[in-house]
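Participant: One structure, as structure tokens, below. Some questions next.
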Amino acid sequence: MQSLTIPRPDDWHLHLRDGAMLQTTVPATAAVFHRAVVMPNLVPPVTTVAAAMEYRERILAEIPAGMSFNPLMALYLTADTTPAEIAEAAANEHVIGFKLYPSGATTNSAAGVKSVEALAPVLAAMQEHQVPLLVHGEVTDSDIDIFDRERVFIERHLIPITERFPQLKLVLEHITTADAVKFVENANSNVAATMTPQHLLMNRNDLLVGGIRPHNYCLPILKRRSHQQALQQAALSGNPKFFLGTDSAPHVQANKETACGCAGCYSAPAAIELYAEFFSQHNALDKLANFASVFGADFYQLPRNTETIELVQQPWTVAETVDTATGPMVPYWAGSDLQWKLRG
């Protein structure tokens, strides 16, 4: 049986939700990943260091005995965020950065920013204190096609931000387009990007052909195949600017299979195996370790993990559903096979 040992990976973009859902989401991620950047789009959003530390305690309470897991908290950037709050966040080792959500771009983003330009004083403070800006890169104008939202955001906002604040550490999250790949490649070393399993393994045909497939629906939405290929090439290139961020986003089945279904793929139960599937498909399993375990830690200037995990080539089928305290959840890739499995 073939096997692959890599340093324990980190998930640089994760949604755990709150309350009883943590009983399901925290163990699923802690079983594999040493660290995860936890997104702040709760209701109400996590906008202060104090709120983030309270949320972190709720997460820590759900880590199973014998597991080590370090949640790194992202704060929700709003029009009311102050430079003083940036300084407070910079002094807290458990805060990784601030998340920029354009208002209305994704789940629970109503409190998001309506004017990126108005953030200049806060971005200056983030640059000064070297606090990373984590970006959901989509405009939300009603006249912009949903498949163009990322490209327009880059042109309208990200290029000006990086030109004005060249020392600001910036992560363009869950990239989906060739435009995003080009932007990150052309930017300086302070700019990086996370990539999800679904955007590497699928394109919009997998969402829309043969019926609407709600469990493949996420935001930013899956794009055409040429964009998928650009993402794949970037992940396979070994460029350290591109690294793992699942954007695993749990929603109960009833909220996905409905007339107005929620956006998000719950990939945590098979996360590292999904990435292994992608790299294996491209005969590039040797690239998995850096993508999953090295590049993100290096970008955030955090120590690389010394523990290891082992994957074995052993076909298995992802469960059709995952039980939670608030109802069944359909994981990403449900009922489909993967070729690699985490040992243990």
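Note that Cβ sites are derived from N, Cα and C of the backbone, with glycine treated the same way.
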Participant: Of the candidates Asp148, Asp179, Asp206, Asp247, which one does Swiss-Prot list alongside His13, His15, Lys99 as binding Zn(2+) 1?
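Facilitator: Looking at Asp148, Asp179, Asp206, Asp247, the one Swiss-Prot places in the Zn(2+) 1 site next to His13, His15, Lys99 is Asp247.
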Participant: The substrate site in Swiss-Prot includes His15, Leu16, Arg17, Asn41, His136, His251, Ala263. Which of Leu72, Leu168, Leu219 is also listed there?
Facilitator: Leu219
Participant: Could you look at His129, His157, His174 and say which one Swiss-Prot places alongside Lys99, His136 in the Zn(2+) 2 site?
Facilitator: His174
Participant: Just to be sure I understand: of His136, His174, Leu219, Ala263, which binding-site residues have a C-alpha no more than 10 angstroms from the C-alpha of His15 (Zn(2+) 1 binding site)?
Facilitator: none
Participant: Run through His13, Lys99, His174, Asp247 for me and report the recorded positions whose CA is within 10 Å of the CA of His136 (substrate binding site), in sequence order.
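Facilitator: Those near His136 (substrate binding site) - Cα within 10 Å - are Lys99, His174, in sequence order.
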Participant: Specify the nearest of the recorded positions Arg17, Asn41, Leu219, Asp247 to Lys99 (Zn(2+) 1 binding site), where nearness means the distance between Cα atoms.
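Facilitator: Checked the recorded positions Arg17, Asn41, Leu219, Asp247; minimum Cα distance to Lys99 (Zn(2+) 1 binding site) goes to Asn41.
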Participant: Round to the nearest Å and give the CA-to-CA distance linking His174 (Zn(2+) 2 binding site) with Leu16 (substrate binding site).
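Facilitator: Cα-Cα distance, His174 (Zn(2+) 2 binding site) to Leu16 (substrate binding site): 16 Å.
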Participant: Determine which residues of the same chain, besides His13, His15, Lys99, Asp247, have their CB within 8 A of the center of the CB atoms at the recorded Zn(2+) 1 site, and list them by sequence.
Facilitator: Leu14, Val37, Met39, Asn41, Ala74, Leu134, Glu173, His174, Gly245, Ala249
